[in-house]
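Have a look at the structure below, then the notes.
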């Protein structure tokens, strides 16, 4: 038997969920509680008072009422009896297979022996019976108890016995069906989140202040727009012929470029002032509403689940009503029982009374009444669910009553939850709708942003970068604080992940600003601000996901000197339209593109005569078409990194002014074309690192002006003598190859200052190496070197010596004669350094103020 406490948790819905329970759900919950009480009351009565009392029926009485079937099979008949109150009741008569005939008015012991007694004894018994008064049954108390229990199970209808349990089970199912959408994991998280957000929108005090301020400002703007809009001057998209897009600019012409600030801002004094805490709460709430809408509006699971559980309750109501009505008449006070134990009792038929029949019948009628009311409410719920489109919700009335005309309509589960809330109180959805307005959000965001980022706080975030320039980096803000433009001495401004960045006319105060970074930040500028940027901005970094995100005004900065583009420039939909507009940047000197280009755009050659440095960092996409490089005659530095190049491009050989070439991280296997570099008279730096080069051709001797050669992270096994004929070579990097021998010709490189051979298989250092007396950096780590010659003392200018990862057992004491070498520049195991003589360690530990280079 269940108790109320055990099933109470099924209806344990948090009080905060009451706003999602319309009146019919609340009413059905109370009906379920009443049905639960009926089940508990009936069950309690059944446990304490439920029983039947049976008396045997004399054979003569039975014969007068009905003829029992004597066949081998059970026969069920219905006998009409009259109760003491005069009511008619149907009595179920249960008969079983016939047993040996026993005289009903004789005890069992005499009955069994009477079969063997003569007929005269039977006549004497009949005589005694006729003379005696009353009704003699000759049954013991134990036999009465036995027959009562047996007839309880045989004669009593099953519905009379299990009625309380059925009511309890049905009620539990109805309770579970009513509250299943609050418990189901796929819906309860959304409902809980929705209720939490809705409560904050309705109850928080800062909400009222923020909305009243926004409404006041909007009302003032509407008033001024109606009275003075005709007299306000409008700014056009360009202020001069120089800043206007020409007809030859495809992107500007096609996109119809206009500046975002095409009308002046009307300043209205604030009615209320929101403190910092209120502003933070406002931003967090708007963000929660936005994320919740995106998460819930794409599905209708909550709606379907609610409809499903309502249908289940309706079907359950019909099922209960149908089968219960058939069993109302089976509950009776009197029952006829044929227990088929005549050989034990001596009687074949008993008449029994069920003392709980009257009460059970009244409870059953009450239960049917409750079920009918419950079912009608379910039918009304279904009518409400399908009468109107609950998967759409319009804020039309809210838009009419408030100044927020941009509140969008919602759909699916979001709309259904708002419809449910309206059944509780429509004021909830009205206030919630305001937090879907971008106008309201922008106003609150602007207020909280300016309160948080004051001039003093921004000043604390200003730092000095590597170029000793004052730099300010703002990340993931809701906008650009107004106080930023009061930092008039700022040199570099970095804006990262600011979706609503706006650059007002106040930027013209920042006369020192020459470098701007826009990282995933499609900034909008006013006309006056653009004019200032066009004249003063020299360096611009733009990081984006798609080329269409690059602000259109970027291509009109005619005085721009450096442009860094990081993002997808090879979009099929845009067809590199952004790069086509680079022709307007006539003063551009440095162009850096980190993207996935398959070819160098032909239109980039429009600015080629002015370019001195071109950098292309691909993401592994193969760069195929390079013919445009031939037109870039003034390029002095060229970097083609991670472009899947297999050979040195022939177009490079036409760049007569090329001074530095970097082909890092490609798939170059052979560099036989290096002989053509002899035409590049100004080439001084060649970087072929992180490739698959196996050997160095002897034709490298033709690059006579080469000063730096980088061949690290390749597959070299030896160094040809031709490399050491480059007399001007100052830096040689062959780290992380498979070189096992340093040629003695290395002594010819008298100008060598930096030599890196880390991560190879060198075991012996030639003495000629120490003839390179100008060496300042010597990297010999991760080799197989067993000893360092004492001639290392000849390297008087040595400032950095790497020996870690070799097979050394000691260090030469002559290291102390390297006047510029200090412990900070000596990379070696600690135990080798500790083994040095004390005076050598003292020399190496001395501080020095002489500047030195640690490598390139």
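Glycine too: its Cβ is placed from the backbone N, Cα and C atoms.
Annotated by TrEMBL as transmembrane segment, the relevant range among 364-386, 387-409, 410-432, 433-455 is 364-386.
Segment annotation: TrEMBL labels transmembrane segment over residues 27-47 (candidates 27-47, 48-68). When TrEMBL is compared with the stretches 99-119, 120-140, 141-161, 162-182, the one noted as transmembrane segment is 162-182. Secondary structure of the domain 'Disease resistance R13L4/SHOC-2-like LRR' (678-757), assigned with DSSP and counted as helix (H, G, I), strand (E, B) and coil, comes to 17 helix, 12 strand, 51 coil.
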